[in-house]
């Protein structure tokens, strides 16, 4: 009789010597306790490695997250890690599959923007728009809704519906005087949409203000010669005033800023506006959440997770989700063959 043992998976990538797995937050470690102790330690180490290399080497991060899934695939946060790392590495089919599984196990819609953008990456902008317009998308927090608007605009652009793409980005948070963690991406997306409809002059203002927003938020990578407002502290997850940081004072200051409110904005009198929540666990790819940005950075592996008491149901939910994934994959292949 032949050897019926299950074939070994791909060889796991090496763990850096300084990584113990205990670097993860308490909530994540609690969820991993559903695994056998030695196995949980190894999974934790691979998750730490995935987070460490997500920005600088997404492919390596994906390999580590996949290694974690070989032993901990029934744990929702492990599937989340694989999905986010796959997205960062441009593996959109894997990202979509893993994020669907995470969603089914956890019940969370937080990664809908990444799922929609993965549909775009697979050449299916119509499906991206379906997700963007879904009932589930309406449950996203402010940051998530903005990220989804960016994805929807990209999908509309793919379909050459440029006027609709521009309109999709005209959300309340599109304001040259305010900076949120998502503002640099929103400003650049709006600049691109303006360019696509022939409004290059206005687009330049938004591109320049994206740099202003990055600097005000403390996330700029360069030293462009753009005047900016020196905020007193990094308010990455809150509203930050960008007043005084316009690259071109002669240009109208934003789709959401009335001339009558200009002086009041300069005085900082809009500080009582609603502060959107951050999408820190999203993570960033083709147009949606940039895994290297505040929304997706620490992502996956270091986000504090409450409610770990429900972790014991991961096994059953994970098995069901895997079956659902197989059905969905077949449907996707049928769609692609039409």
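Here the Cβ of each residue, glycine as well, is placed from N, Cα and C on the backbone.
Automatic, uncurated: that is what TrEMBL annotation is.
Database features (TrEMBL):
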| type | residues | note |
| --- | --- | --- |
| REGION | 1-23 | region 'Disordered' |
| COMPBIAS | 14-23 | compositional bias 'Basic and acidic residues' |
| COMPBIAS | 235-251 | compositional bias 'Acidic residues' |
| REGION | 235-338 | region 'Disordered' |
| COMPBIAS | 270-283 | compositional bias 'Acidic residues' |
| COMPBIAS | 288-302 | compositional bias 'Low complexity' |
| COMPBIAS | 303-338 | compositional bias 'Basic and acidic residues' |
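Long-range contacts of the compositional bias 'Basic and acidic residues' (14-23) within its own chain (CB-CB distance under 8 A, at least 6 residues past either end) are made by residues 29, 40-49, 52, 302. Residue counts for the compositional bias 'Basic and acidic residues' (14-23) under DSSP, helix first, then strand, then coil, are 0 helix, 0 strand, 10 coil.
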